[in-house]
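Peer 1: Swiss-Prot lists these features:
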- 1159-1197: coiled coil (COILED)
- 707-748: domain 'PSI 3' (DOMAIN)
- 840-924: domain 'IPT/TIG 2' (DOMAIN)
- ASN66: N-linked glycosylation site (CARBOHYD)
- ASN249: N-linked glycosylation site (CARBOHYD)
- ASN502: N-linked glycosylation site (CARBOHYD)
- ASN536: N-linked glycosylation site (CARBOHYD)
- ASN572: N-linked glycosylation site (CARBOHYD)
- ASN679: N-linked glycosylation site (CARBOHYD)
- ASN702: N-linked glycosylation site (CARBOHYD)
- ASN864: N-linked glycosylation site (CARBOHYD)
- ASN886: N-linked glycosylation site (CARBOHYD)
- ASN984: N-linked glycosylation site (CARBOHYD)
- ASN1016: N-linked glycosylation site (CARBOHYD)
- 1-17: signal peptide (SIGNAL)
- 18-1139: topological domain 'Extracellular' (TOPO_DOM)
- 1161-1785: topological domain 'Cytoplasmic' (TOPO_DOM)
Amino acid sequence: MLPESVFLLLISHFLRAVTQPPFETEGVKQKLFHFSGHIDDFIVSRDQQTIYVASLNRLTSLSISNFSIQHEVSLGPVQDSPWCSADGKSCLKDNRPFPTDVRTKILQILPTNQILQCGSVKLGSCSTFNSKLSLITESTIAVAANSPDASTVSKIIDNRLIVAASATKESPYRDPFPAVAIRNLPGLNVENAGDLEGEAAVFLRAAYKNAFKFLYTFTHQHFVFVVAMVTPRESRLPMTTRLIRFCRNDTKFESYSEIELQCRGEDNTNYPFLNAIIQSYDKLIASFSTSSTSPKSSICVFSMQKVKLTFWYNVDRCRSGTDSIRLPHIGRDTKCVNKAHIPLDEDSCELGVGGSIELVEMSTKDIMGKVTSLMAVDQKAIFAGTTTSQIVMFKWDEHHSNQLEEYGRKEVGDGRTGSEVSKMVKFGDFVIVQMPYGIILEELSTCSHHSSCTECLVSVDPLCQWCHPTQSCTTSARCTSPVTSQCPIVDGDPIPSIVSVNSSTPISFNIHHLPPPVGFTYRCQFGTSTSSIKANWTTTGVSCPSEIFTSPNTFEILLLTSISNNPISRHNFTVYDCSGYGTCSSCMSSEYNCAWCSGLHKCSNSCGALEKSKACVKIQPMRLPIAIGSQQEIVLEASNLDTLDRRHEHFCKVNEQVSLAKIASDSIRCGKIQLTLSNTTSANMVVPLSLITRDSVIDIANVSLYSCTNLASDCSSCLALSPSLSCGWCNRQCSHECHESKATAVCDPPRIDKFEPTSGPIEGGTIIKIYGNDLGMSVEDVRGKIYVAGSRCNIVEYHVSNMIACQVDKGVSSGPIRISVGRATVAVAESSELYSFVRTSIFSAYPLYGPISGGTRITLYGQNLSSGSQTSVTVGGMPCPIERVNSSTVLTCLTPSGTRIGKSARVVVHVDHSQTQLDQPFEYRSDPSISSIFPMTSFKAGGRIVYVQGNSLNTVQTAKLFLISSPTPPFYIISDLAPCHIINSTLMTCMTPKILETITRRVEYTRQPVGFHMDNVTAVANLGRRIQMGIYPNPTLSPFKGVRYHQGEQSLILEGHNLNLAAEPNDFKIFIGNERCYVTLVDVRQLVCSGPVRQPKATDERGIPINGDNPLVTVIVGSLRMELGLIEYSDHALPSRLSLLILGLLLFIVVTLTVMCLVFKRRRQEREKEYRKIQLQMENLENNVRKECKQAFAELQTNLVLSPKSANSVNLGPELINFPHFVENLLWSDNNLTSAPSLARTLPVTLAQFHALLSFKGFIFTIVEAAESDVSISTSEKSMLASLLISVLLRNFSYCTEVVVDLLRAHIARSVQNKRAELLFRNSDSVVEKMFSKWMSICLYSHLTPQMNSYFYLYKALQYQTDKGPVDAVTGDARYTINEAKLLRESVDTKTLKIRVIPFEKCDESIDLEVHACDAICQVKQKVASAVYRETPYSQRPRITQFELKYKCPKRGDVKLTDVLPIETLSQKKLPVKLFTLADYGISDGCTLEMSPAVYTAESYRNSLADSGQSSWSSLDRCSPIYSSSKYYHLTNPSSGTMTFKKKSSNDSNLLPKSIPEVYLTRLLTSKGTVETYVEDFLESVLYMHDSSYPPILKFFFDILDREASVNGVSENICQQWKANGYVLRVWANFVRNPQLVFDVPHSISMDANLSTVAQTMMDCFSFSEPVLGAHSPSSRLLFAKDVARLRPLSVDLFKRVKNSPPLGMDELRTELVNMANDVSTCKGSSLALSELLSWVRGNGIRISQLLSSNEQFSQQRLPQKLSQVLHVCLETDNHIYSTISDYE
């Protein structure tokens, strides 16, 4: 059996085809940049020079070359609230903006190379920046999620932005907000927004808004995909992963579809939680886990072809009428309709479904750790980032296209960057890694470590390719030429590889797979020369001319490329010189192409034809040797002697001795020469003999010499030499001079010096070797004459004179060895030492069992086991190779393999001819097997304890663990052998082995198969892929910097790297001195242990004392031992440092008291100075308050009536619009119906059929029911539907009235049934109530002339009162207003100016006009337009953007008046910027202004926009531009001194406000007193206080409510609430708040505030609950509290009067309806409305058809069939998913 060392050697060399370790990695350069705030996202610029990083409140650009900041801009914090508008001007009740951090949700590079950034503030709106991060535009459109924790994904495709965002706080300023949308760039509006036929967006229903979390979006072919995780509505159900798909050009989202992705394990375990996902070419790679906190991740690979087919299967099922659409969260969950007539393929964009067929894949790889990001590297590798600062690298399995094989890991970041790898982006040969607080640039591959093409191509790194021009291993991206997949193969040596000096011959290299030179050249370099020669490439290799060499040499010839110094091949190259051969024979017999030039008598490679010798004299070596010291003639045979010139004498020369040579025909006879050599100890040697003539050497031959003295040292050896040597023995030495006395020589007696062995078994058979002198001259001299202790010994080996080996026969005693030498004369030699015959025996053996495979080391105990010459052991008749013989009583052997388990085998010891059997047999048992190892991780240094489970483990006595290179042959050992401890048959513990440094080089991570050395059991020598151990980098701990101070009762925290990758807390042994510190926590970079409370002695872990008083901290993990440094306990150091501490404390107290005194003195001076300053400011505040109070008192006493001029302005009469215009405003003011694409595509006959269908009330009721029951329909859509129905029904007003009344009755009954009776007409969130309010407004319009007159006078009075004082052009705040929210709380100079205006239409006339010096230019232009076009209706007046004002300045000429400076100048100013006023231009009383037409240029266009957010000329046709309050102000500066709720800086110079806001509340009384009469008149007219008659339709409406209240059992109070809400809230409040419905007047922010107060007062008058008013009540309610209290009883009286009035007769009602029908007949747009209504019905056709079919009465009227017929006609011209309606029988 083989010993262990041989076993390891064989395994290490087993099939050595693999010549390198399976995984190699090289340290990579890393660039890192830290951020103070959390990083949200990053992108790389298109020029690959800059990284744009969005972090908390910042946007930064980094230079990739040096990772330094180029530009940076601050994004926040900003004043924001989700309950406020984007500009912060309006908020919901009790909400105010507050400082909010900005978290970037979208970061993209636009096609214009601008940066698009969308944050979590301002409703998720976006901004654009240029490359230097200067702000370009700000949008107010909500695009991203406006919550830090909500998800948003985006992608730019075809100049469009794909956005998927999770729902956040339900703010009315964001609703409706799409979950997935396509937005146009740069406007960011949703494509086809508002189109009734569909828009490029989907909206989640309220119940599902918080269910979707979007993770990733990508494109594949012509589809867009979005990946989302969906939380089920039922908590018991698991989360699901949904893959959303729609076509790139689908602007209506008809193709919107979803499928479920599932990743399952081998045991069918579902992994529902998606951690990361990436799409790469035709694969979708995703990482899943069982939960969000699971430490294990599983990777699944989905084929994009399977994804496409799964979508197709689901769509095809729905197309065939199977299943339902299954998209309830977006309002599409109706049953699928058979549409088999529609062609469908895998790329179809016509249908979209949710589907019930999911896509399931099995897990391809499991990772211990949570994967947070994925990145694909071409089609070769996948990188997975984890939460532990690691990047796990995978490559695609060569045999299974969807299988991943891990080939390495990288650790990135440091302690400051955080540990989660959030995002990875490939950047050339690098990867940019985003971590929570850092951006890292890391190398992708480890190719630079491989130096040869073969190593590169067999490397486990799939990114490594061999770049031929540079002769380096790199990635394909770095190589200028195509990388090669085959290494060049050099076929033999270059031709020629040998050249002569002074010659030049082209040298050819035969190389296979040598690519042609593209972008480089091949070059040849000879030896160490720095220059090279260009080589010519051919299909078979290259050739290059050689240099001309002047001296012989052997060197390397290198084949290089022109851009690399790494040789492609290297060969030995020889330059020879024939002239170095001095004789003709040596010249002619040389291995080079040399010839002998006889004429020149020299050797050359180029002799002339006549000079070249054809034959040379060749002396043959001498056959018989010559004795050294003899003198004799030497005869040598030779050939070609006839070529010699016999006219000259020839001589022989040996060792500088010369003798005359006689030349015969075939021999040379040299005269006698004395052959002597001094100081030689060699028995034989060779010396050269030269044949010379005339100082030239003809040839040289070797002559053999010998020395008899050195050939034999004793007499017998000398006489036994060959007679030809003529050696003889005399004078006690062997010499050729004794040849004559050889026959008479007498040798010394034979002598035995020693023999071995000295004992043997009595059975004989022992071979004894006897050493001595003169033991005969031949074997015959001693044959049969050797006796050992009296027993014959037969010769088996004989060496003349000095050694005899013989085999002894049986014997029983001890005695010497006798040898008789000689034949004629006998001499006897006898040994002085005795040989003993002994008896061998075996007593016992251990162990007596072992594995069937053999190899058990069995130890035998007995007697005389070391005797004899040959010892062997057999077990069961098979050899048991002896490992060692420890002594004569112990020997060890390795058992052979057995034939059957459980078989007993005899153990026999053979010593020569002796056989001894052991009494106990040896038992063969089952081979051990390994089932599992735990844990399966270790580090390079090894030494970690692992537990091995298996069967029959105790069959062997020892086991050793090692790692091998490959799970399949060929493989070799890559570690040392680690010992194991066998506990029982199923369990043993092993230490993990140390990885050999020569193998690993710098391995960071690898998984290696495991093997065990367990006797001869080969089944466990390689456990294959089943059990592989992960090898991690060694854990390292940072040494202490100096002495570490520690509190004894606290835990000791140690910092390091790779601590928990392959180690648990129990693997670490931490010693403080010689006492343990027990580990409680291990993190990847931190180790926490609990040690002794008191400081141990100053020793190491072994208790060996060290210098100093502090103990040493030592950490032992596995075979690693780390000394971190000394530690000192704080309480231990206290006594020695107490005195210094007290002294320092006293010094500190003295210094502190001194400083405090100085500071106190200075603070006191500052406080006195501050007090004087505040006192002065308080006096200014008192003066301002006093001034404001006096002015307010004066206004209260003097301004309570309108001036005559104002009265004229009021008495102009109401500017009522005509009835058709009123109806158009009423129906479409909130709903744009300017165009209808569907009308052009709809056939007239279809519209006629549809209109006929509307003549059935049941059909209209069904439409309303479908809308009311659909929770996904928004309020605006309901309003649009109500307007469409009213517009269509106005063709027949009587029928319209019947429909509205019937719907109202049903609605009242339903509200009462649902216990919502008191809410009727209050919220108006139903289609019925909206239809009623529009119908009621139309009916009352012609009867409201008195009320409209009062309302118009009130409007003019409010307008005059507001314009009498300054109005802020930005905020709308006015000095004179009745709305507290819009009260101007500033002291503004109200100087009135009288100016002259020259209109551009009447240049010779001027108009006098009163304005305020503080008026902005846009306000002046409004007043000018109102004065000049006083008698022109407002809608026909020119807009203020259509003319300009020029100031006729006598000194400066004409000065153009504008609100702001040009954009270029404005951008350099500090924001906010004040709007210019007349005072700023120096305009005073009597100045002249001239109107001129506006000239539109690019600059003026930008100026006119004035950062208003307006994007078209039409939007500028308002009464005034809308200026952003964040950038502009007029009268109220945001940082002004008025005491507001804004917190001021402590170092602000104006610590106190200029005034108190409450002081200005008296202006409300002034304004109220002025307009009070008009308000009362209007309210009384609404209450019909002065009229005895009422509109018939009002009586009709009230009677209906009374009847329905009686029928449904509703109380009188609730009925009166119905009347008040229906009459006031739904009709009059709408008129008051929107005067543009009835008057041709402009829109104004300040007027809107005033009218809101009037509307609130009117509603308070009709309120039936007594309000509780106090100091904290809104001022607007307190203003008219007395009037409300007076008028509230009159509202009740109004209802009673109407109720008690005579009932409305049918004739009177019919007349009223006929009159209304005549009025509405002039209205237009019903065809357009009919077409839009048809489009809506088509979109909800399935639901409507189902409702119609469920009603028996409607089915009898065949309404479902009629609807189906209409919609089928529509399908021929416009076919999409919402139109899939079939007949419902």
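Glycine is no exception: its Cβ is also placed from the backbone N, Cα and C atoms.
Walk me through where these features lie, including what they touch and how far apart they are.
Peer 2: Counting residues 6+ beyond its ends, the domain 'PSI 3' (707-748) has Cβ neighbours under 8 Å at 624-625, 627-630, 680-684, 773-778, 800-802 in the same chain.
Annotation for ASN66 (N-linked glycosylation site): no same-chain Cβ neighbours under 8 Å separated by at least 6 residues are found.
Within the same chain, the residues at least 6 positions away from ASN249 (N-linked glycosylation site) whose Cβ sits under 8 Å from its Cβ are HIS222, CYS349, listed in sequence order.
DSSP assigns ASN502 (N-linked glycosylation site) to coil in the three-state reduction, outside any helix or strand.
Secondary structure at ASN536 (N-linked glycosylation site), as computed by DSSP, is strand.
When Cβ atoms from all protein chains are considered, those within 10 Å of ASN572 (N-linked glycosylation site) total 12, not counting its own. Reduced to three states, the DSSP call for ASN572 (N-linked glycosylation site) is strand.
DSSP assigns ASN702 (N-linked glycosylation site) to a strand in the three-state reduction.
Listed in sequence order, the residues of the same chain lying 6 or more apart from ASN864 (N-linked glycosylation site) and placing their CB within less than 8 Å of its CB are SER759, PRO761, VAL838, ARG839, THR840, SER841, SER888, VAL911.
According to its DSSP assignment, ASN886 (N-linked glycosylation site) is coil. Residues near ASN886 (N-linked glycosylation site) in space but far in sequence (CB under 8 A, at least 6 apart, same chain), listed by position: THR892.
In three-state terms derived from DSSP, ASN984 (N-linked glycosylation site) belongs to neither a helical nor a strand segment and is classed as coil. For ASN984 (N-linked glycosylation site), the number of other Cβ atoms no farther than 10 Å from its own Cβ, over all displayed protein chains, is 8.
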Peer 1: When the Cα of ASN702 (N-linked glycosylation site) is compared with the Cα of each of the glycosylation sites ASN502, ASN536, ASN984, which one is closest?
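Peer 2: Minimum Cα distance from ASN702 (N-linked glycosylation site) across ASN502, ASN536, ASN984 lands on ASN502.
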Peer 1: Within a 10 Å radius around the Cβ, which one of these glycosylation sites has the most neighbouring Cβ atoms: ASN502, ASN536, ASN702, ASN1016?
Peer 2: ASN1016
Peer 1: Roughly how many angstrom lie between the C-alpha atoms of ASN502 (N-linked glycosylation site) and ASN572 (N-linked glycosylation site)?
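Peer 2: One finds 19 Å between the Cα atoms of these residues.
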Peer 1: Rounded to the nearest angstrom, how far is the Cα of ASN536 (N-linked glycosylation site) from the Cα of ASN984 (N-linked glycosylation site)?
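Peer 2: Roughly 71 Å, rounded to the nearest whole number.
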Peer 1: Expressed to the nearest Å, what is the distance separating ASN1016 (N-linked glycosylation site) and ASN572 (N-linked glycosylation site) at their Cα atoms?
Peer 2: 46
Peer 1: For the domain 'PSI 3' (707-748), jot down how many residues DSSP puts in helix, in strand and in coil.
Peer 2: 18 helix, 6 strand, 18 coil
Peer 1: To the nearest Å, how far is the Cα of ASN572 (N-linked glycosylation site) from the Cα of ASN536 (N-linked glycosylation site)?
Peer 2: 20
Peer 1: Over the coiled coil (1159-1197), what is the model's mean pLDDT?
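Peer 2: Looking only at the coiled coil (1159-1197), pLDDT averages out to 77.
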